[in-house]
Amino acid sequence: MKKQCFFEFASVFASSMSFILSILREMLEYFGVPINQILHIWENKDYGSARSIVRIIGKLLPLEPCPRPNFELVPLLNSVDPANCGSVVPSFADVWCVANDEEASYLRFRTWKNEEEEKIASFHPLQLFEGPLTPAVRRNKPRKNDWPESETAIKKIAALEDELAFLRSQIAAIVGRQELGNSTKAGFLDLNGRPSGFGQKPSSGATQLNVKQDSFSSSVRPSSPPPPSPPQISSVQPPCSPLMKIASNSICASDNSTTEVKQQHPDAGKTNYSHHSKNQKNEAVPNMLDVLKDMNKVKLRAIERSPGGRPIHKRKREDSPWDPVSLISHALKQKFAFQEEDSFEKEDNCWESSPFSSPETSRVRL
């Protein structure tokens, strides 16, 4: 029973397939297409296995192609030479020119490229558009549509730079004046051969002169204010008044008397100066409680190191000797070096070391 049903189904399927094949043959004969040509194309499979038989038949049939849509474009009204615009009907071939162009891509077609290649390279003042460029030339070509920087920002930056230069020049002038004053003061001390005001023991003549001068000043000024700080010595000296002349004469007389006392008692000045220097050293020693109180606030500086662990030393740039920054740094170094020479650790400053390293000791063989 099953075999009989199967045979009936196979006969129906074969009859239907034969009917379909007969219909296809009749259609091909009606259109004048030989069946041998279709079988040859099907066996070769020029278009692969995905090529459908409907496409093959449609290609072989003498059918008229469908009309393609044409997009009509209005030519440019402000164009200088409208005859050179080329075809105004775009197609898919124009996509490459549009994608590779950055300026006015909607006004350029593929036909313009050939025309630009044929023309001689010349500049026309009324030429509005240029031909398409290659990608290499386009990368090297500077952009024309870059927005300029705001003028207000440029003006602010220029004003800040001018103000900074003015401040640097002022600081350099102040430091120069201070160096000049220090040099003149050092020359004055060298001429006297001793620091003024230290270890002087006035004689009887000097005391009499001082008493006379005090009485004269008290008659002129009834209440004398506390002595002011010594002013800085400037290069331009004011005109001397009679009071200044009298004071200078008294100072010269006191200097002569003190020199005589020094010749008679040479050890007195040394003892007084040593006593004063000891007092100054004791006052300069800081209190350890104040130092230890701020130990928790100390922050170490991060040091850049190489992969091997050695610290990296930055190269010192060579500055001009007239640079304000170099002048200021040089003056500060001289100032702090002068202070370190007068410090109580003068005998221990024989080497230069970091504040975290221990002093090097010389090894003596026994």
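Placed from the backbone N, Cα and C atoms, the Cβ positions cover glycine too.
Annotated coiled coil per Swiss-Prot: 149-177, in sequence order, evidence recorded as sequence analysis. According to Swiss-Prot, the feature region 'Disordered' maps to 191-240, 255-281, 305-324, 345-366. The compositional bias 'Polar residues' feature in Swiss-Prot is assigned to 201-214, 351-366. If you look up Swiss-Prot, you'll see SER306, SER343 marked as phosphoserine, on the strength of similarity to another entry.
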**Fill in**
In the same chain, residues at least 6 away from the ends of the coiled coil (149-177) whose Cβ sits under 8 Å of its Cβ atoms read 234, 324-325, 327-328, 331
**Prompt:** Within 10 Å of the Cβ of SER306 (phosphoserine), how many other Cβ atoms are there?
**Reply:** 8
